[in-house]
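Note sheet for the following structure.
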Amino acid sequence: MANPLYQKHIISINDLSRDDLNLVLATAAKLKANPQPELLKHKVIASCFFEASTRTRLSFETSMHRLGASVVGFSDSANTSLGKKGETLADTISVISTYVDAIVMRHPQEGAARLATEFSGNVPVLNAGDGSNQHPTQTLLDLFTIQETQGRLDNLHVAMVGDLKYGRTVHSLTQALAKFDGNRFYFIAPDALAMPQYILDMLDEKGIAWSLHSSIEEVIAEVDILYMTRVQKERLDPSEYANVKAQFVLRASDLHNAKANMKVLHPLPRVDEIATDVDKTPHAWYFQQAGNGIFARQALLALVLNRDLVL
């Protein structure tokens with residue numbers, strides 16, 4: 001039976017239903033337990049990073065190689081025809097799509113990945129982050145990590161801390177967890193970096209509980225997941241960045257009242273928002289979370305590029 005993600009564009013987490021998410025996570029678990037080094041051996045995948053990235057690019061490209069795919073692409077658009085000669089994004093994608101079986105793309109402009117789908121023909125586009133909008137594959141690895149550590153994706157208490165305005169990871173993760181039952185959200189951010197109203201409206205429409213808080217201390221005893229984010233210097237003016245960057249910092253001493261199995265997650269890179277003394281606690285799980293990116297992205301690539309996937 002053909003899988004529902006075959007040749008599907010993955011631009012927003014909302015392109016995936018709850019059943020789709022469960023399929024990706026189940027596939028990720030199978031690939032983690034049983035590697036498939038030749039699954040994509042006849043595929044060529046473009047890795048097109050128009051914006052700087054370390055973890056996402058290396059994670060995606062490692063995933064491609066470990067499934068046996070050939071990888072082409074770039075990590076600096078300044079050295080492409082788009083950057084040097086003024087070629088349009090539409091023309092760039094139109095040409096690349098004639099070479100490859102799938103395109104993984106990061107771009108600083110919101111909506112760029114969706115635009116790319118209009119020019120990629122039958123070649124699926126996977127969004128690796130578009131401005132402050134969406135980061136669906138980060139959400140997949142977040143969900144995989146939450147499911148591994150908590151044993152479920154429903155009836156969770158989840159706190160999100162830091163830059164909730166520009167942090168595309170928290171937008172995608174909130175939308176994804178809203179597809180499951182009984183989850184409750186705690187948003188902890190300075191006013192200038194509050195969760196966008198459209199996310200709050202979505203939660204209200206679904207009847208999902210959420211609340212705003214001014215400190216981690218207010219909620220630490222209640223939560224199963226504490227999702228930290230950095231204040232994104234590249235998206236703020238210098239004076240605003242200086243005012244808010246140190247407002248929410250997690251230290252080991254803040255975790256004394258946490259549940260025994262509460263996990264601290266972070267999409268990385270961190271700057272000052274998680275003190276290094278947290279690393280030694282059993283709550284710190286952000287490096288394992290990053291490692292899970294390999295399996296979540298392998299799962300998505302495998303499903304998008306195989307009509308009938310049997311593992």
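Placement of Cβ uses the backbone N, Cα and C atoms for every residue, glycine included.
What you see is a predicted model, and the numbers here were worked out from it, not measured in a lab.
Around the Cβ of T56 (carbamoyl phosphate binding site), the number of neighbouring Cβ atoms within 10 Å comes to 25. In the three-state DSSP assignment, the secondary structure recorded for T56 (carbamoyl phosphate binding site) is helix. Look at Swiss-Prot and you will find R55, T56, R106, H135, Q138, L268, P269 tagged as carbamoyl phosphate binding site.
Same-chain residues at least 6 positions away in sequence with a Cβ under 8 Å from that of R230 (L-aspartate binding site) are, in sequence order, G162, D163, H266, P269, R270, V271, E273. Under the DSSP three-state reduction, R230 (L-aspartate binding site) is assigned to coil, being neither helix nor strand. Here Swiss-Prot flags K85, R168, R230 as L-aspartate binding site, drawing on sequence analysis.
Inclusion criterion for the binding-site residues R55, T56, R106, H135: a C-alpha placed within 10 angstroms of the C-alpha of R168 (L-aspartate binding site); this criterion is met by H135.
Q138 (carbamoyl phosphate binding site) has a Cβ environment of 27 other Cβ atoms inside 10 Å. Shown in sequence order, S53, T54, S59, A128, G129, T169, P267 are the same-chain residues outside R55, T56, R106, H135, Q138, L268, P269 whose Cβ sits within 8 Å of the Cβ centre of the carbamoyl phosphate site. In the structure as shown, the Cβ atom of P269 (carbamoyl phosphate binding site) sits within 10 Å of 9 other Cβ atoms.
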